[in-house]
Amino acid sequence: MEVATVPRTRRLLKEEDMTKIEFETSEEVDVTPTFDTMGLREDLLRGIYAYGFEKPSAIQQRAIKQIIKGRDVIAQSQSGTGKTATFCVSVLQCLDIQVRETQALILAPTRELAGQIQKVLLALGDYMNVQCHSCIGGTNVGEDIRKLDYGQHVVAGTPGRVFDMIRRRSLRTRAIKMLVLDEADEMLNKGFKEQIYDVYRYLPPATQVCLISATLPHEILEMTNKFMTDPIRILVKRDELTLEGIKQFFVAVEREEWKFDTLCDLYDTLTITQAVIFCNTKRKVDWLTEKMREANFTVSSMHGDMPQKERESIMKEFRSGASRVLISTDVWARGLDVPQVSLIINYDLPNNRELYIHRIGRSGRYGRKGVAINFVKNDDIRILRDIEQYYSTQIDEMPMNVADLI
């Protein structure tokens, strides 16, 4: 018997068009305009409203019901549109709270993001008595084992530590119904691809897979064929991905050492609200932090080599507004939510164009306004033009009155 295929919005492509591929949302995806009409459990609805959500965002209106139905889902949504809550609500709805075993596994590319997902799950599931553990590198293994032995409904973590816990048999996978890959473009990029496959091999064959990210390059979608079954696609066109409300500028600097002077000139502008400055390497972050402090500027900094405790206290300070300027590597660029950030400076242009949107997506969340300033050396002009073309956007030279735009 022939299996009926799910209708999809058609895409007619010649071979040479493959680089410009744009999926549409699958035709059978309907829009559910309110949380009340999603068929969610009462104690979860209470948690959603207590958390401050009133109306679901565009991605939530489309994806939550599909995930709850048990479909594999590829969801693409801009940074700051509520995609974390999309899968958190879906995961919580699917739990059997009576069974104290791990039923959902969420993988994220950074420790901070995994920690934030855990916080959102616990907040939304506040009235459900949900147990949720964040399983991340750089923390005490014994504590992980103790928490997992106690029983956790949901585990959010980084692939390396999660796989370690599965191998030690501390994280039992037999009851897992759902695997969520957050920031999937980063996760499936070289570094995490093998680790995800390692984890996936231990999951029950019928595990539902949800993949969520702001950018989904074609080669990532190719990989999803390996472990997703007839996935529903909820995608925005790539050209809409540069975030509205974010003004993007560049400052031409002839030499690397001039970047520092330019940054010092901009410091007063930085502290109007809060700012994040991105460098491409940990060494550059340390160097720039030290140089700024020597010049009597107050800055904090964060990168992946710092001990977990230190990273957490730096994030806490920054979230509370106690520190105003944070210098970081791309460890910060993925999904971290600090609403007051309205200025991003790319001290170094990112190494790939997907990262650009993750960085500038930090500012102007949920439609707030934001400004991104790119420091561009002569040999960076080509990369900048490539970013402009890729996102169909315009990056103008920075005006003198940039402070008025923040």
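From the backbone N, Cα and C atoms, a Cβ is placed for every residue, glycine too.
When the ranges 142-145, 150-153, 166-169, 182-185 are checked against Swiss-Prot, the one recorded as motif 'DEAD box' is 182-185. Annotated by Swiss-Prot as motif 'Q motif', the relevant range among 33-61, 62-90, 236-264, 265-293 is 33-61.
Long-range contacts of the motif 'Q motif' (33-61) within the same chain, counting only residues at least 6 positions beyond its ends with a Cβ under 8 Å from a Cβ of the stretch, are 68, 75, 77, 81-83, 85-86, 89, 92-93, 120, 123-128, 234. Looking only at the domain 'Helicase C-terminal' (245-406), the predicted model's pLDDT averages out at 85. There are 9 other CB atoms within 10 A of the CB of LYS55 (ATP binding site), with all protein chains counted.
Cβ neighbour count for THR84 (ATP binding site): 22 (other Cβ atoms within 10 Å of its Cβ, all protein chains included). Across the motif 'DEAD box' (182-185), DSSP assigns 2 helix, 1 strand, 1 coil.
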